[in-house]
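Contents: one structure, followed by commentary.
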Amino acid sequence: MDGIKPSWVSWLNHFKMSGDSWKCKKSYFSFKGSSSCGSNLFRAFTHLSACGIVEITYRNISGGCISSREGSRAPSRPLAPHLGRRRRRVHDRDPPAEDTRRRRRAPGRPPPAPPVPALYRPPPAPAEQDRTDFDVRMAVTLEEAPWLGWILVKALVRFAFMVANNLVAIPSYLCYIIVLLPLRLLDSKRYWYLEGMMYKWLLGMVASWGWYAGYTVMEWGEDIKTISEDEAVMLVNHQATGDVCTLMMCLQDKGLVVAQMMWLMDHIFKYTNFGIVSLVHGDFFIRQGKSHRDQQLLLLKKHLENNYRSRDRKWIVLFPEGGFLRKRRETSQSFAKKNNLPFLTHVTLPRVGATKIILRALVARQENGSPAGGDAKELDNKSKGLQWIIDTTIAYPKAEPIDIQTWILGYRKPAVIHVHYRIFPVKDVPLETDDLSDWLYQRFIEKEDLLSHFYETGAFPPPKGHKEAVSREMTLSNMWIFLIQSFAFLSGYMWYNIFQYFYHCLF
């Protein structure tokens, strides 16, 4: 016990000899003295541990606490890596402890087993090697510094533009809506047409944020422009918030689809900057969870009856999975296992409730499935009803979805987002609950196959009867983007001056 102060030696004498082993109850010792006292105590305990007498558990030495527990000559437990040197020094410096134990051993007792040698720990890497690695890391960092700096500056500029865009565009939209309210009483159809055009321009601004960040869309499958004037439901797989932005972009060149579209989205979007616009436009915010499910379906049915026809809506965008892929995948796979359904990894099993409500509320059974551009003598005030279901599959490069933060800030490298369409006539879709569930499950199983093929080959498979799949690049007009952005900022300036004028007149 060379180098240990008397106070520590007296505490260690609590160990008693019994037979050929040392016995001691589990003890905890806290020291508050100087660092030299703690070091002496630690060296003593380390030596006993190396001899197989004491088992040491090292805990929170920064707080000043060591716990020791003796086992019947249990082999020593390796200490923390950063304590290895100290343990070897203590073991090398204190070999006389074995003579002390031999003198205290009772007559007739067999000699103890030889002490267990301290575990060998490899020496640390040379300082020169550490400096070399550090120099390499520094070189890489210095090479990346200009690029990282440019990304940061670009993100800040884009964020500032997005804030300015929202500050002028959304208030201007609301002001125009208020001014046009008398037209709603006189000509409701014309009022909602004008509202829909401004709504489309707002979504075009959101699309332009991704467009100028290098996020473009490549379309596959059937051409949905041919049914842009008919009523349809889009069933879309949901991976991230960027799915909504992607649809805002790829539907801009589909005529008046965006202007006459109704979105079904999570209720959390109601509290975003775009929530007020969606409320005015007539989108539906649905609350997730079993406790809200029945009530939300009743509210959806009522919302469709009051707003879909009266506002001349044509398309509905629905995410049947009910949440993001990363959040619902485990639950969906567990449900599939219990019900003997396929194991899906790129999509989740859809929920049927909202789809069933939409089909039952909007399908005109006597007219469903009629082709686009049907009988010209048909009365204008008679709707054909919902005619098509568009199965839409979104795929991201390397299965890495783009979220709305990336869409706004543009810190991710340019990427091409791929969107695949398949069109199904409503007349071929069963409306009964069980049959509709099977039909929806089958569509998402096919989505799984489509995505698996895409992630393996980089392209969607060709349609049946075709040898090659044909893709179409979706583009936005830079001139059109410039015009709508100019209109937004000029409108904001105009409304600012109008309010400033009335403020000075009143006050």
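Backbone N, Cα and C atoms are what each Cβ position is placed from, and that goes for glycine too.
Per TrEMBL, compositional bias 'Basic and acidic residues' is recorded for 91-101.
TrEMBL lists 108-126 with the feature compositional bias 'Pro residues'.
The domain 'Phospholipid/glycerol acyltransferase' annotation in TrEMBL covers 232-356. Here the domain 'Phospholipid/glycerol acyltransferase' (232-356) returns a mean pLDDT of 90 for the predicted model.
Annotation source TrEMBL lists transmembrane segment at 170-186 (among others). Only residues 6 or more beyond the boundaries of the transmembrane segment (170-186), in the same chain, are considered here, and those with a CB under 8 A from a CB of the stretch are 192, 194-195, 198-199, 202, 273-274, 276-277, 280, 488, 491-492, 495.
TrEMBL lists 198-215 (among others) with the feature transmembrane segment. Taking Cβ pairs closer than 8 Å, the transmembrane segment (198-215) reaches residues 158, 162, 165, 169-170, 173, 176-177, 242, 245-246, 248-249, 252, 256, 258-259, 274, 277, 281, 402, 406-408, 410, 412-417, 476, 480-481, 484-485, 487-488 in its own chain, all 6 or more past its ends.
Annotation comment: TrEMBL describes 480-503 (among others) as transmembrane segment. Distant neighbours of the transmembrane segment (480-503): 165, 167-169, 171-172, 175-176, 201, 204-205, 208, 211; these residues of the same chain sit at least 6 beyond its ends, with a Cβ under 8 Å from one of its Cβ atoms.
Assigned with DSSP, the residues of the domain 'Phospholipid/glycerol acyltransferase' (232-356) fall into helix, strand and coil as follows: 58 helix, 18 strand, 49 coil.
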